[in-house]
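*Asks:* So TrEMBL has the following annotated:
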REGION    1-57  region 'Disordered'
COMPBIAS  1-17  compositional bias 'Basic and acidic residues'
COMPBIAS  47-56  compositional bias 'Polar residues'
TRANSMEM  152-173  transmembrane segment
TRANSMEM  204-223  transmembrane segment
TRANSMEM  235-268  transmembrane segment
TRANSMEM  289-314  transmembrane segment
DOMAIN    344-400  domain 'MIR'
DOMAIN    409-465  domain 'MIR'
DOMAIN    470-527  domain 'MIR'
TRANSMEM  602-620  transmembrane segment
TRANSMEM  641-660  transmembrane segment
TRANSMEM  672-691  transmembrane segment
TRANSMEM  712-730  transmembrane segment
C-alpha cells in the first residue's frame, strides 16, 4: 500500500495523465533540448515516499534489475546459439577456402593478394595461432577434411564476434527507443535468425565486419546520449571507440565505408545543431568540430594505416600474390626472384627478359602452345598477359637480322627496332590487321613463325616514355612502349579476361590509339645476360607510402573486376530482402552433411513488412501533427522515437543496401546481412511502438491484454520458426527437403530455395 501511495503522489506532482505504473523515459529530442543536471535529476526522481525511500531507488529496483536480467538472458542465448556445434562439419565450408588459407599465409608470413583490406584475415590468423593452429592446412577446396588441424579456434573467434551482434542491437535499440520491449524484440529476431547463426559460425570476414559496424553504431548512439556533458571522460570514451570501430569496419572490407557515411551524416547533423546553439561561443563550436575531426577522422585513419603497416611487416615472404604488384613492390619480398638480386642495369640484345604491364593487375607478357580458336582472328599462337610467375613469360631480345653474337652485346636504345622471340615456343611476337578477341577496335597479337623466322609483322620499335633517341632502356625503372612497325599500333593489355579457350588470362592487343596509358606501358622485370655486368637492385625498393597506395589501387581494381563465372551462384539485390535464395555452405546429397545459408523466413518477412509499416506510421503521425491534432505526451514521445531513432536505423538500412544496385561486381546473398541488422532493429522499434499504442483501438484493460498478447505471439512465432528451420544452420543429413522423411519436409516454401 505504501508503494501505491508513493506512485500516486509522484503522478500527482507531475500532473500526469498516465495511470500505469511505468517509468517514462524522455525522448532523444527531449534529452538534447533539456540537458539533465544533477539538480534536475533530484527534482524529477527523488520525490520522497511515505516510507522515506526515494522514487529513484524504486525506479532502479523496478526497471534496472529486469533490464540487467534481460541483457544476461540475451547474452546467454546469443552465445549458445552461435557456439553450438561449432566444429561441425569438420571440413572446409564455402569461403573458408579463401579466408582460412589467408590466415595460414599470415602465420607462414607468405605474401598474397586479396580484394579486401587485411584486418579481418589478420584477426583470423591471430585466433588460429593463439589456439594452436600452425598454418599447415592447405584449404584447397570445400569438403577437404580438417583432420588433426586446430580449426576450431578460428571458427570460434568468428562465432564469438557474431554473438555480440544481438547484444549490440539490444543496447542500440534500448538507447534509441527507451523501451526494453523493443530491444528484446530486436534481440529475439537476431538470436533466432538461422542466417545470422550460419554466417557467424565459419571462418569468414562477415561476422568480423558486422561486429565493427554494430560497435560503431552503438558507440555513436552512446556518444549522442552524452551531448549534455561534452568533453567529459564518457564523452571522449564513446567518441574514441566509435572512431576505432570505424577503422575496424573499413579495415575488414571496403563496404565498411557505408557505416562511415552513416556516422558522418549523424555527425554533420550534430554539428549543425551545435552551430545553432547561441549559448555556445564560436570557440566552443570550434572545439566540438576539432574533437570530431580527431576522433572520427584522424584516429580511424591512423589505425587503418597502422593495420597496413602490420600487414606489410608480417607478409615479408614471396607468395602467390606477387604477380598482381609492380616489380619494385616485389623486390621487397624475401624469396622473390627480384629480392636482393643483381642483374644487368640496361637492356641488351641477346638478353632473356620478362615484360610486365604497368596497368595494375595487367600481367606479364605471356604465350603458350595453344592457338586462337576458329573465328577469333588468325588461327595462330595465343599471346596473353598472365598474372603469375611462369616460364612461359620469358622472351629473347633480337635484332631484326638476328645478329646478336658480338662479344660485347649492343644495348637497346630508345627508337631501336627489335624482335621478341618466345623462349619456350620460339615464335615471334606478332601483330596484324585482324580484330582482337574482345577489344574489337584493337588488332590481334599472336605468336608467329618458328625458330626465329617470321615476317615484317614481327618487328617492334622500342620507345622509352619521356625519353629521347639514344636513351638506354633501364631494367625495372624505364617505362617502355612497343610500337608495331607495320601497323603503327602499340602493344596493350586491355585488362579483359579471356574465355576458357584463353585460360581466363588477360587479353593482349595492339592498340591504334597511341595515347600513353599504363595499359600501353611496360617495364623489363627479369633480365638475364651473362655477358653484361650486374648491379644490385636493393636501392630500388619502394617506401611505405608507395606500397600503401599501390596496394589500394590493386584492391579496388581487383574488387571491381570480380565478375560472375559460368554456373557460379550469385544473386541480385532485390532478391535479398524477400529471402529469395540462399547459399549452399556444405553438402549436396543425402549422405553429406548439408548446411544452407538462408535467413529464418518468418524473421525476414516480418522485417520486410515492418519497413512498410514504419513508413505508414511515420506518415500518419506526421500528418496528424501537421494538421494540428492534439496528441497526448505519450503519442508525441512515440512520434519522436519513430522519426528520430527509427529514422537513423532506416538510414543505416538504406546506406548498407541500396549501393549494391549500382555495383558492377558479382554480388552474393551474404552481402545483405549488414543491412539486415538495421532492418531488424527498425522492426523492434516499429512493432513495439505499434503495440504500445493499442489503447487507440481498445480501452483499458483490454489494450494492455492486446499489447502483452501481441508481444507473446510475436515471440512464440519467432521461436517456433527457429525450431522448424534450425537444421539449415546446424546441419542436415538424410533425405532432401522434397522427400517426406526429410527433416525439412514441407518447409521449402519457395522453389528457389535449394536445401
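Keep in mind that glycine also has a Cβ here, set from the backbone N, Cα and C atoms.
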*Asks:* Using a Cβ cut-off of under 8 Å, list the residues of the same chain at least 6 residues beyond the transmembrane segment (641-660) that approach it.
*Replies:* 27-29, 173, 175-179, 213, 217, 221, 255, 258-259, 261-262, 265-266, 573, 576-577, 611, 614, 617-618, 621-622, 667, 671-672, 674-675, 678-679, 681-682, 685-686, 689
*Asks:* Helix, strand, coil: count each for the residues of the domain 'MIR' (470-527), based on DSSP.
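*Replies:* Final tally across the stretch: 6 helix, 27 strand, 25 coil.
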*Asks:* What residues in the same chain, six or more past the boundaries of the transmembrane segment (672-691), come closer than 8 Å to it by Cβ-Cβ distance?
*Replies:* 165, 169, 172-173, 176-177, 179, 181-187, 189-190, 193, 195-196, 199, 206, 209-210, 213-214, 255, 258-259, 573, 576-577, 599, 603-604, 606-608, 610-611, 613-614, 617, 638, 641-642, 645-646, 649-650, 652-653, 656-657, 660, 706-707, 710-711, 714
*Asks:* So which residues does the transmembrane segment (712-730) touch in its own chain, when a touch means Cβ under 8 Å and the partner is 6 or more beyond its ends?
*Replies:* 84-85, 88, 185, 188-189, 192-194, 197-198, 201, 582, 595-598, 600-603, 606, 687, 743-744, 747, 755
